[in-house]
Amino acid sequence: MKSVWIGFLGAAAILAAGVAQAQEAKELAQKSGCLACHAEDKKLVGPSMKEIAAKYKGQKDAVAKLSEKVKKGGAGVWGQIPMPPHPHLKDEDIKKMVEWYLAHK
């Protein structure tokens with residue numbers, strides 16, 4: 001019985017850590033202005049997080065590719081409106097946000 005409780009507590013700790021990481025990524029996206037153009041489940045100016053996750057699903061280099069797009073900006077992948085560059089953002093913060101976007105299903 002003791003091992004069941006230890007397993008349960010371990011799983012709860014992992015779940016809580018994941019929720020905390022998602023909340024941190026969402027706060028970073030809000031502070032960085034990302035949520036002005038990207039919503040979780042609908043297209044605004046840019047594609048939704050679900051659309052982004054679906055497009056890059058299974059691509060091993062998706063985090064690196066999208067992190068570079070956030071840092072340098074870009075156009076042509078999702079339509080005519082370009083995404084502005086965000087050179088002031090820390091690479092580690094960009095990675096957290098990109099991983100959060102890609103986790104949407």
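Each residue, glycine too, has its Cβ placed from N, Cα and C.
Taken from TrEMBL as is:
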| type | residues | note |
| --- | --- | --- |
| BINDING | CYS34, HIS38, MET83 | heme c binding site |
| DOMAIN | 20-105 | domain 'Cytochrome c' |
| SIGNAL | 1-22 | signal peptide |
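In the predicted model, the domain 'Cytochrome c' (20-105) shows an average pLDDT of 94. Here the binding residues for heme c are CYS34, HIS38, MET83. Their largest Cα to Cα distance works out to 11 Å.
With the fewest other C-beta atoms within 10 Å around its C-beta, MET83 stands out among the binding-site residues CYS34, MET83. Using DSSP to sort the residues of the domain 'Cytochrome c' (20-105) gives these counts of helix, strand and coil: 47 helix, 4 strand, 35 coil. Just so you know, the Cβ of HIS38 (heme c binding site) picks up 21 other Cβ atoms within 10 Å once every protein chain is counted.
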